[in-house]
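According to Swiss-Prot, the protein carries these features:
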- 1-64: region 'Domain I' (REGION)
- 65-143: region 'Domain II' (REGION)
- 144-153: region 'Flexible linker' (REGION)
- 153-205: region 'Domain III' (REGION)
Amino acid sequence: MIGKLTGLVDSQGEDHVILDVQGVGYIVFCSSRTLRLLPKPGASTALLIEMQVREDAIRLFGFPSEVERDWFRLLQSVQGVGAKVALALQGLLSATELAQAIALQDKASLGRAPGVGPKLAARLITELKDKMPALGPVDSLTAKLTIAEAEGTAPVAAQDAITALVNLGYGRPQAAAAVATSLEALGETAPLADLIRRGLKELAR
């Protein structure tokens, strides 16, 4: 079994990178997010590997961290989610954003990934909501706000700020994270306009 590869980036395709390890080129499939993080051809990099052995092929999937690899495995535990859909979800949302979307029951954000319809988005939420703690804690500030928003106990200004950012085109997990950071800096009594203004600055970083 291959658990990690370290080598030179040879070239990139739409869904994979060819990694040159001591003269041997390995085709490693990655999410679009991971591919964007890789250095230019000729530079050295390392990827954690998930190897899937099938009757007709052996496929390697690469990840920049253990958390990303764990999410890849966890997503595929849901019926209807294969490697392609799992990578599509990871290309769209970071590990933290995935956890937030599931905690918020945000089917819309999950449904933006190719291959994920409303029914599969609902199944992801139902089957994974109790499994996320095994992957480590989500950012505590964001987690508290997303749970409070789902329960209707978050400050009204915070809820309105999240809605305003979503209406501007941002995903709900990203908006919730930005507002959570803004609340920490400005305080829970911060007015709506200040939360939106600070949230936009956070999202622009």
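Cβ from N, Cα, C; glycine included.
Summarised as a single figure, the pLDDT of the region 'Domain III' (153-205) averages 83. Here the region 'Domain I' (1-64) is broken down by DSSP into helix, strand and coil counts: 6 helix, 37 strand, 21 coil. With DSSP states grouped into helix (H, G, I), strand (E, B) and coil, the region 'Domain II' (65-143) comes out at 52 helix, 0 strand, 27 coil.
Under DSSP, the residues of the region 'Domain III' (153-205) split into helix, strand and coil as follows: 40 helix, 0 strand, 13 coil.
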